[in-house]
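Colleague: Features from TrEMBL:
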- HIS85: active site, proton acceptor (ACT_SITE)
- ASP86, GLY104, ASP106, SER108: Ca(2+) 1 binding site (BINDING)
- HIS213: heme b binding site (BINDING)
- SER214, ASP231, THR233, ASP238: Ca(2+) 2 binding site (BINDING)
- CYS41-CYS53: disulfide bond (DISULFID)
- CYS52-CYS322: disulfide bond (DISULFID)
- CYS72-CYS158: disulfide bond (DISULFID)
- 141-326: domain 'Plant heme peroxidase family profile' (DOMAIN)
- 1-19: signal peptide (SIGNAL)
- ARG81: site 'Transition state stabilizer' (SITE)
Amino acid sequence: MKSSTLSTLTLIYALTVAATPTPPFVNSTLATTSHSPRARCGNGRSASNKQCCVWYDVLDDIQANLFDGEECGEDAHDALRLSFHDAIGYSPLLKSRRLPGGGGADGSIIKYASTELSYHPNAGLEDIVNDEKDLADKYGVSYGDIIQFAAAVSVRNCKGGPRIPFMAGRPDPTEPSPENLVPEPFDSVDQILARVKDAGLTPQELVDLLASHSIGLQEHVDSTVAGMPLDTTPTVFDNNFYREMLLPGFYWIGTESVKGAVKSPFRTEFRLQSDWALARDMRTIWEWITLASSQSLMANRFATSMAKMALIGQNPRVLTDCSEVIPLPRSRNN
């Protein structure tokens, strides 16, 4: 698509998006309706269900040790990345062919780390996998739960990050996720959309989930510039990622023409090929422009899509809503 056409579409859509109502923060299927007496959890805290009490202890440990005092840093980025890489490892298509199809958001990337960490897209997740395994074992919670809980807390630690619902009680995984289920930055849009559709996500939900790149870093696409952020405000959960991705690129960051990268508009920002392509494909561009035009809508849709992603392959009817344990969000101004 020509840049002039893209600019026109951006302007037209930006004028209309302001009238778009903000969707509900939490999917109604996740809402808690119980009015039973609250369980006492210790340290003056309580929960609507006693099964949630352990998560207060996990929260204290995560914030003090894993996230170094509630920082929005590299560990927060890795925890969020891990949640997607675990959940997307699910394929009903493979299961229909009587082949191993993974269990989705079940923690298999921790239980079967020796297998799944050998997959190319999972490079760099070794430390966060080991850290979260230790936490899960220490508190007797499942690997699938610790992954999604840590991700929700990590988003909250970043200024502007929304409060993401958290459901507890995932059963232990029974098999590793097969290889080739995690999209790569050099995959085509057709390949990426087909993969997430198989896992149960729409193109719009995929775009929503890419808000994670607002606080993301690249480590292994080009190791010569490891740690390069994916937008200009990597410690703030904002829609600069979407806005900046619509700009033309001028600079190669690191190695020229490296596989999975394209030119960036800024010398301090790494641009993934897949992000660039999704921002320009007619199946995803309208959602992209919507989020580029509204910070609040971006945050709300990310929270909703994250809640759905966290349940891939799971039965929500057997889970317990422990969303209240997730701390309230931080303002972008604090």
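The backbone N, Cα and C atoms fix where each Cβ goes, glycine too.
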Colleague: I'm trying to understand the geometry here, so how far is the Cα atom of SER108 (Ca(2+) 1 binding site) from the Cα atom of ARG81 (site 'Transition state stabilizer'), in Å to the nearest whole number?
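Modeller: Answer for this pair: 15 Å between alpha carbons.
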Colleague: Can you count the other CB atoms that lie within 10 A of the CB of CYS41 (disulfide bond)?
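Modeller: Excluding its own Cβ, CYS41 (disulfide bond) sees 17 Cβ atoms within 10 Å.
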Colleague: Cα distance, CYS72 (disulfide bond) to CYS41 (disulfide bond), nearest Å?
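Modeller: Between the Cα atoms of CYS41 (disulfide bond) and CYS72 (disulfide bond), the distance comes to 27 Å.
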Colleague: In Å, rounded, how far does the Cα of CYS322 (disulfide bond) sit from the Cα of ASP86 (Ca(2+) 1 binding site)?
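Modeller: Between the Cα atoms of CYS322 (disulfide bond) and ASP86 (Ca(2+) 1 binding site), the distance comes to 20 Å.
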Colleague: Hey, for the Ca(2+) 2 site built from SER214, ASP231, THR233, ASP238, who else sits with CB inside 8 A of the CB center?
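Modeller: Nearby residues not in the site list: ILE215, THR232, PRO234, VAL236, PHE237, ASN239, ASN240, PHE241.
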Colleague: Can you tell which of the binding-site residues ASP86, HIS213, SER214, ASP231, THR233 lies nearest to CYS52 (disulfide bond) in space, using Cα positions?
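Modeller: Ranked by Cα distance from CYS52 (disulfide bond), first place goes to ASP86.
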Colleague: Residues other than ASP86, GLY104, ASP106, SER108 within 8 Å, Cβ to Cβ centroid, of the Ca(2+) 1 site?
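Modeller: So the additional residues around the site are ALA87, GLY89, TYR90, GLY102, GLY103, ALA105, GLY107, ILE109, GLY144, ILE147, PRO173, SER177, ILE312, GLY313.
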Colleague: Just checking: which of HIS85, ASP106, HIS213 have a Cα that is within 10 Å of the Cα of ASP231 (Ca(2+) 2 binding site), counting only these recorded positions?
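Modeller: Cα within 10 Å of ASP231 (Ca(2+) 2 binding site): HIS213.
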Colleague: Compute the C-alpha separation of THR233 (Ca(2+) 2 binding site) from CYS72 (disulfide bond), stating it in Å without decimals.
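Modeller: Between the alpha carbons of THR233 (Ca(2+) 2 binding site) and CYS72 (disulfide bond) there are 11 Å.
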Colleague: Reported as an integer number of Å, what is the Cα distance between HIS85 (active site, proton acceptor) and ASP106 (Ca(2+) 1 binding site)?
Modeller: 11
Colleague: Between C-alpha atoms, which of these binding-site residues comes nearest to CYS72 (disulfide bond): GLY104, ASP106, SER214?
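Modeller: The smallest Cα gap between CYS72 (disulfide bond) and any of the binding-site residues is with SER214.
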Colleague: Looking at the binding-site residues listed here (ASP86, GLY104, ASP106, SER214, ASP238), whose Cα lies nearest to that of CYS53 (disulfide bond)?
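Modeller: Of all the candidates listed, ASP106 is nearest in space.
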Colleague: What subset of the recorded positions ARG81, ASP86, GLY104, ASP106, CYS158 lies within 10 angstroms of HIS213 (heme b binding site) at the C-alpha level?
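Modeller: Checking Cα-Cα distances against HIS213 (heme b binding site), the recorded positions within 10 Å turn out to be ARG81.
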